[in-house]
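Enquirer: Just dropping this structure here.
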Amino acid sequence: MNGQPKKSGLFTYLLIILSLVIIWNIFGNQPHANPSISIDYNTFLRMVGDDKFQSVVIQSTNKGGSVVTGYYAKDKDGKDILYSSFANDAALPSLMDILRTKPNLKAFPKPIEEMSWFMSLLAGWGPMLILIFVWIYFMRRMGGGGGAGGMMNFVKSKAKLQQNNTVTFADVAGVDESKEELVEMIHFLKDPKKFTRLGGRMPKGILLIGPPGTGKTLLARAVAGEAGVPFFSISGSEFVEMFVGIGASRVRDLFENAKKNAPCIIFIDEVDAVGGKRGISIGGGSSEHDQTLQQLLTEMDGFDPNGGIIIMAATNRPEALDAAILRPGRFDRHIVVPRPDVKGREEILKVHAKKKPLAEDVNLTNIAKGTPGFVGADLENLLNEAALAAAKKDQKDVTQKDLEEAKDAAIMHGRERKSMVMSPAIKRTTAYHEAGHTLVAKLVPGNDPVHKVTIIPRGMSLGLTGTLPDEEMHNFTKSYLNALLPMMMGGRCAEEIVFNEISTGANNDIERATALATNMVKKWGMSEKLGPLTYGKDKEHEYLVFQMQGAQDYSEQTAQLIDEEKRAIVDAAYNKAKDVLTANRNILEALASALLEKETLNGEEVNNIVNQFKNPQQV
C-alpha cells in the first residue's frame, strides 16, 4: 500500500516526459525562420533577376524538386522578409542560370534533413500514444488504484458495505404496520431452516413504496441491524454510466460480493433510476439503462432464494417501474410506508428529541397535532431548526416557543422577515387581504380552523393565513372543496370591496383555486354536467420512457365544456366569498385593524374578535 502513490507518480512523470519529447520532435525541430510569402515560380525568377533578394536558399525535398527561398530586404523591425516557391527538377536549372549572372547574390544549397527512425516513429505514433496513456491515466484515477486492478475498479459496484449496523427498530417510529411486515424477514435471516423445512421460500425482493422522507431507507437499515447481517446500500443512479455495459458489470459485482457475505441485505435506493420502464429515450441513451435492468433481472432470477440474500429497494414512483421487476419471483412483496398519523408523528418526535435538551413546557403532542402531512424527515428538520434557534439565543434547552416558531416556519413557508419594511399602503392592503381569507374561513361552514394569520412577510409572501384540520384527512368531500375555494378567493374579494381595486397579491390564491377546480372537473368527477368521468388522464407514451402529462383524450366540445365548468366553480366560489365579506364588513374591518396593530393573530385571538359580533351572517 505504501508503494502505491510512488507508482502513480512515476507513471505521471513518464507521461509528461513522453509528451514533451513528442511535442519537441514535432515542433521543436522546425527552423526558426520568419513565415514566408508563397509566390509562383515565374514571379520568383523575375524577382531574382531584378535583384530583389539578398540571398537565396535552395532546399531539396524527399519527393523530388526543391523549395527555393529568397531573403528580401529587412523591414522596419529588422526582420527578414521571405518569399518562397517550389521548383521541380526540370525548372531548377533556369534559376541556376540566373544566379550565375549575379555574382553579388549569395546562393546556399541546403541538404535534406534526415530524421532518425526513433524520432520518425514518435512523430507518427506519438499523438496516438499520448491519447492511450491519458486514457489509462484517467481509468486508474477513476478506479482509485494502480495496475490492472485500478482500471477494473471502474466497473466494480459502488455499494457501501456496513458490517456493524447499529440501527434497530427502536430508531424507527410512526410506521408500525410496515415494521410488522418486515419482522418475518428478520426471523428468516436469523433462522432460515425454520421456513425451508416445510418447503417455503423467502421472498426474493421487498419493495418499499412511499413518499420521500417517510423512512424507507431507515427501515431497511433497521432490518439489517435487527438481524445482525451485513448491509449493502447503493442508489439506483450509481449503476448507470455513460459507457454501455458499466452498469451491468456493477450489478454482477454487487451480487458476487453479496454471495461472499451471505446472509446479507442488498438495498437499492431510488430503484426507479435503474428499474424504470424500458423504451426508446429521445436521446438514444436507453441502451445502457436497458442492459443494466436486464442484468438486475437476471441476477434476481439466478440466486438461491434460500441462500440468505434479501434484496430491498425503495421508490416513491412505483408507476415508473418496469413490470418485469414487479412480478413474483423478483420483488415479491410490496410494503407501503405511508405518511404517519398524529400518533406516529408524536412517536417520531420523541425519537428525534432524545438527543436534544427539552424544556419542561414542551408538549410534543400539540406539535404532532399541528403538523398534519409531515413525514419523518420534516419532523426531524423541525426539531433541528428549533434547536438551532435556541442555540442562537444562548438558551440551555429547547422551549415550546422554539418548536412553535419552527413549526410555523415549516407550515407558512419560511421564518418571519421582520427586517423587511413595507409602506403603509401595502401593509394596509395586506391586512385586508389576509383578513378576507380569515373571515371567509370562519364563516363558510366546512373550512379548517384558522391556526394563525400574519402580515409579517414570510418567504416570498407579504402575509399568510394558516389553517389546520382538527383531524387527519385521507380524502376530501365535495362540500369541503366547495368551502375551501371561497376561502382561497377571500383575499382578492376583500381588496375589491375595500379599495375598489385588485392587486397581484392574489396570484398564488388564483393558481391554487384554478388547479383545484380543474381536478374537481377532470379527475374527481365532481361536475354535474360532465359526470363521474376522468378526462385527460396521464398516459405513458408507447415509445417513450417518460409520461406525456395531460394527453387530451376528449373532443373539442368536451374541452369547451370543461373550461365552462371550471369557470363556473371558481365564479361561484368568488361570489360566495364576496357575499360573506359584504354582509360582514364590520368584522372584516375589526380583523384588519387588529392585524395592523398586532401584525400576527393566533386562532384564539381570531375567534375572540369574531365572537364580539352577534350573529355574523353566513352565506
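Heads up, the Cβ atoms here are built off N, Cα and C, so glycines get one too.
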Enquirer: For the Zn(2+) site that TrEMBL lists with His433, His437, give the additional residue from the candidates Asp341, Asp361, Asp509.
Expert: Asp509
Enquirer: Non-local Cβ contacts of His437 (Zn(2+) binding site) (under 8 Å, 6 or more apart, same chain)?
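Expert: Counting only residues 6 or more apart in sequence, the Cβ neighbours of His437 (Zn(2+) binding site) under 8 Å are Val453, Thr465, Met487, Met488, Gly490, Gly491, Ala494, Asp509.
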Enquirer: What is the number of residues in the domain 'AAA+ ATPase' (202-341) that are helix, strand and coil, as DSSP sees it?
Expert: 58 helix, 29 strand, 53 coil
Enquirer: Out of Glu434, Asp509, which of these recorded positions shows the lowest number of other CB atoms within 10 Å of its CB?
Expert: Asp509
Enquirer: Rounded to an integer, what is the Cα-Cα distance in Å between Thr217 (ATP binding site) and Glu434 (active site)?
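Expert: Counting only the Cα atoms, the answer is 41 Å.
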Enquirer: Among all the protein chains here, how many other CB atoms are within 10 A of the CB of Thr214 (ATP binding site)?
Expert: 26
Enquirer: Does anything in the same chain, at least 6 positions from Pro211 (ATP binding site), have a Cβ under 8 Å from its Cβ, and if so what?
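Expert: Asn316, Pro338, Arg339, Val375 - these are the non-local Cβ neighbours of Pro211 (ATP binding site), listed in sequence order.
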Enquirer: Centre the Cβ atoms of His433, His437, Asp509, go out 8 Å, and tell me which other residues of that chain have a Cβ in range of the Zn(2+) site.
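Expert: Counting only non-site residues, the set is Glu434, Gly436, Thr465, Met488, Met489, Gly490, Gly491, Arg492, Ala494, Gly505, Ala506.
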Enquirer: Specify the count of other C-beta atoms within 10 Å of the C-beta of His433 (Zn(2+) binding site).
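Expert: So the Cβ neighbour count for His433 (Zn(2+) binding site) comes to 28.
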